[in-house]
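Pulled from TrEMBL:
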- 2-335: domain 'Ammonium transporter AmtB-like' (DOMAIN)
- 27-45: transmembrane segment (TRANSMEM)
- 57-75: transmembrane segment (TRANSMEM)
- 112-129: transmembrane segment (TRANSMEM)
- 149-169: transmembrane segment (TRANSMEM)
- 176-195: transmembrane segment (TRANSMEM)
- 231-249: transmembrane segment (TRANSMEM)
- 269-292: transmembrane segment (TRANSMEM)
- 304-331: transmembrane segment (TRANSMEM)
Amino acid sequence: MVIFGFGFFLMVLRRYGFSSTGFNFLLVVLGVQCSVVAEDLLVFLRGGRNAAGLKSLAKAFVSVTAVVISTGAVLGRANPVQLLVMTLAELVFFYVSRYINETFLEVPEHLTGTHVFLFGAYFGLALASRFPEAPPGLDKDRSTPKSELFSVLGTVFVWVFWPSFNSILPFSKMQAVLNTYLALAVSAVAAFMLSALTSKDGKFRMAQIRSAVLAGGVTISCIAERIHHPWIAMLLGLLATGITILGSHCVQRCFNPALKLQDTSGVHFTFGLPAVLGAVAAVVLALVEAGIDTRWIELSRLGYDAFVCIGAFCQTISTALITGLITGLILNIKLLKAVHVSKYFDDQFYWEFPHLSVGF
């Protein structure tokens, strides 16, 4: 899912297909190795012993998803060296964020891993703000029907395997699979409906559908095992799709121009906003569970549960934004040879194309 699915999902730019899939593969395999080492170090700091196995590998792939999401925000504007440095830095900061949540806020270990979408999205946005915008006349950041088709292929692949992805860390795996599928199914239906309703001519927009069909899986990721009523998962899927499609209009027309931010793959409304909705849903669900578990609702207990949930999500977003800005400043030093804006979104700057060579 992470290598093939997200690799093709990012293959949306018409002249950046080699780099989208190739660099994604490189970053994932490097990131998994670093994540296994970081996971072992995290267990050591907590005074435990970690035996490297499939569980450790699964946690590593989940953590690397943050890197893949952040890459989408700077897609086409960062060179391979910058992406490698970004991968190492982001993984370190993500594990620091997890350590803070587990140690000081006492968030369960398997829940801190589900913050990956929240961290990856806002780390990527903060990182993207440090890169110069592409000039208005540059048209290489557009998509073509062929590139959109490959991106949709990756989206479908990610959609199919997302229930398995959300069930890796939770204990109630079957419950997580069921709830994730229901949320994704409603998101898929709502994506087509809202895409047609929000377009002037009533036609479907592939770019909107491609982002919105995954929104339910993002939103429900941190509470997939805790939902015991199907309608709740379906409602979250519907709300997530609505936020994604409506957010795509607001973010692209108001938010990004105001901050002079160029989000290449729409990371903010594809992963960021649905993850925020999931954070709000987790807080509400924690309050409801605390109220049901105690016959006499203890306000102190409710307040503590709400504080832990809100604190964990605020800490994750704050750490992602601050460390993303710091990493963006580091990536633009002369030593890393930042790409000139005229070379943005172009495979020919990095890859050899034999059929374009002269005199063969």
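Placement of Cβ uses the backbone N, Cα and C atoms for every residue, glycine included.
Note that TrEMBL annotation is computational and uncurated.
Computed from a predicted structure; not experimentally measured.
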Using a Cβ cut-off under 8 Å, which residues of the same chain at least 6 positions beyond either end of the transmembrane segment (304-331) come close to it?
70, 78, 82, 85-86, 89-90, 93, 96-97, 100-101, 105-107, 111-112, 115, 118-131, 279, 282-283, 286-287, 289-290, 338
Would you mind giving the whole-number mean pLDDT across the domain 'Ammonium transporter AmtB-like' (2-335)?
88
